[in-house]
Amino acid sequence: VMKFLSDYVKKAPNRRVILTIHQPSSFIWQLVDNVVLLTKGRLVYQGPRKKIEPFFESLGYPTPQEYNPADHYVTAVNDEFSLHELSAEEWEKAYINWAFEHSRRASFRSTSRAGSIRRLSVRRSASASMLAMSGDYITTNRTNAFWVTLELTKRYFLNLFFNPGILGTRIAMYVMLSLIIGALFWDLGSLSTYSSIQSRIALLFYCVAFFVFMSIAVLPFTVIERAIVNKEVRNGYYHPAVYHLSQAISSVPGTALLALLTTIIIVSMTGLQEPYWYYLNMFLALFCAEALAQLVSHMVPHFIVGMALVAGFYGLFMLLQGFMIVPSEFPGWLEWSYNVAFHTYSWRTFMFNEFHNQIFPDAEEAGFGNGNKILEVYEIESVNPSDDMVVLVCYGIIIHLCSFALLTAKHWQSKRNNVAGSAKQSKAD
């Protein structure tokens, strides 16, 4: 495996493999290019493998003949062994002094670079010094946000391919529930009775409420992946907002697929009106739902907390969407809340497209022979579906912008904390 990794690194420029090995053999040790040696969290050595022996020799710890170098170095710096002579702090200071002294003697080190190194923290000074000593400068280019977004989006789809359960489970749930809905409300659109009207209203409420509610399934995968993302962000590979942008883009095809499957099954089996509007409405509702779930995932430490919080939001939005209580009956101090829930715009568009200018002769005696009467009961007779779809688009974009702002604020706060921590450590040393 190590031979393969060694050849793999040499086949392309700027390709690196970072790994940890427990007690590597002498053969494995010879395949390693650079080494980071730690003891109790203290940096004891960082740099080329070939230069680690001079460091230990300078401190009186040369590797004995016929001895595994890796075992010798680990044994020398590990204060858990009875033969150790230096503590972890003493090893760290010895390395810092040795690295700085040798880097100062290097002929290729410029005065400006020496000044910048001294302005860094002590630990970073040692690391940079050893890289200078090696004589091999590795130049890295940070690609622009477009290519980073493209690569992260590609990685997301590869993750879906190798882990089909991430999206496959949701597809199975949506398809199963859609089939059950179709079986329960089979050919509902051909009926014109008062009870069929009630069934349509209940069905449309369920479509908005529960299909949106199931979007909480995205939370576990987003939170679990956060550890990897945080590490890559700390290493400076990309800004966290770029990662969120790639996640937002990556979620669109899956959302479109779920909305398409739901529309095909439910509309074809129940006979609801306006299938194209149904699809667009369902897609945008799921778009907003996933945006909200992703926003919450950036706020919570564990996905269970996030799922509970998102479920609470969706439960609140169900109450505010105008199905259980019409807008005019909201308490005065809560009238504004009717417009807060994105469920409101989705549900009333479903209702308008289903009942506007529709005739129900069998419901004439109940006073609902004209579908516009039903819309008047729910105070949505003047709804413009196009405007509501625009509202849903803006709603989802605003939520994503909130995620960008939150991630940027957390990123800058983390950087300030790191700078403060480095300054404190430098002062202590």
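Note: Cβ is positioned from N, Cα and C throughout, glycine not excepted.
Note that TrEMBL annotation is computational and uncurated.
Annotated features in TrEMBL:
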type: DOMAIN; residues: 22-101; note: domain 'ABC transporter family G'
type: DOMAIN; residues: 151-355; note: domain 'ABC-2 type transporter transmembrane'
type: TRANSMEM; residues: 171-189; note: transmembrane segment
type: TRANSMEM; residues: 201-224; note: transmembrane segment
type: TRANSMEM; residues: 245-270; note: transmembrane segment
type: TRANSMEM; residues: 276-296; note: transmembrane segment
type: TRANSMEM; residues: 303-326; note: transmembrane segment
type: TRANSMEM; residues: 389-409; note: transmembrane segment
Worksheet item: Would the transmembrane segment (201-224) and the transmembrane segment (276-296) count as touching if the test is at least 3 Cβ pairs under 8 Å, pairs 6 or more apart?
Response: yes
Discussion item. As a quick check of your reading of DSSP, tell me how many residues in the domain 'ABC transporter family G' (22-101) are helical, how many are strand and how many are coil.
Written reply: 38 helix, 13 strand, 29 coil
Worksheet entry | Chain residues in Cβ proximity to the transmembrane segment (389-409) (below 8 Å; excluding those fewer than six residues from its ends, i.e. six or more beyond) | 239-241, 243-245, 248, 280-281, 284-285, 287-288, 291-292, 294-295, 298-299, 342, 345-346, 349
Discussion item. What residues elsewhere in the chain lie close to the transmembrane segment (276-296), defined as a C-beta under 8 angstroms and at least 6 residues from its ends?
Written reply: 207-208, 211-212, 215-216, 218-219, 222, 244, 247-248, 251-252, 255-256, 258-260, 262-263, 266-267, 306, 309-310, 313-314, 342-343, 346, 349-350, 353, 385, 389, 392-393, 395-396, 399-400, 402-403, 406
Fill in: Spatial neighbours of the transmembrane segment (303-326) far in sequence, C-beta under 8 Å, 6+ residues away
201, 205, 208-209, 212-213, 215-216, 219-220, 222-224, 289, 292-293, 296-297, 337-338, 340-344, 346-348, 377-380
Response to the item:
Under 8 Å Cβ-Cβ from the transmembrane segment (245-270), and at least six residues away from its ends along the same chain, one finds 145, 148-150, 152-153, 156-157, 160, 167, 170-171, 174-175, 178-179, 181-183, 185-189, 203, 207, 211, 218, 222, 278-279, 282-283, 286-287, 290-291, 294, 400, 403-404
Discussion item. Restricting to the domain 'ABC transporter family G' (22-101), what is the model's mean pLDDT?
Written reply: 83
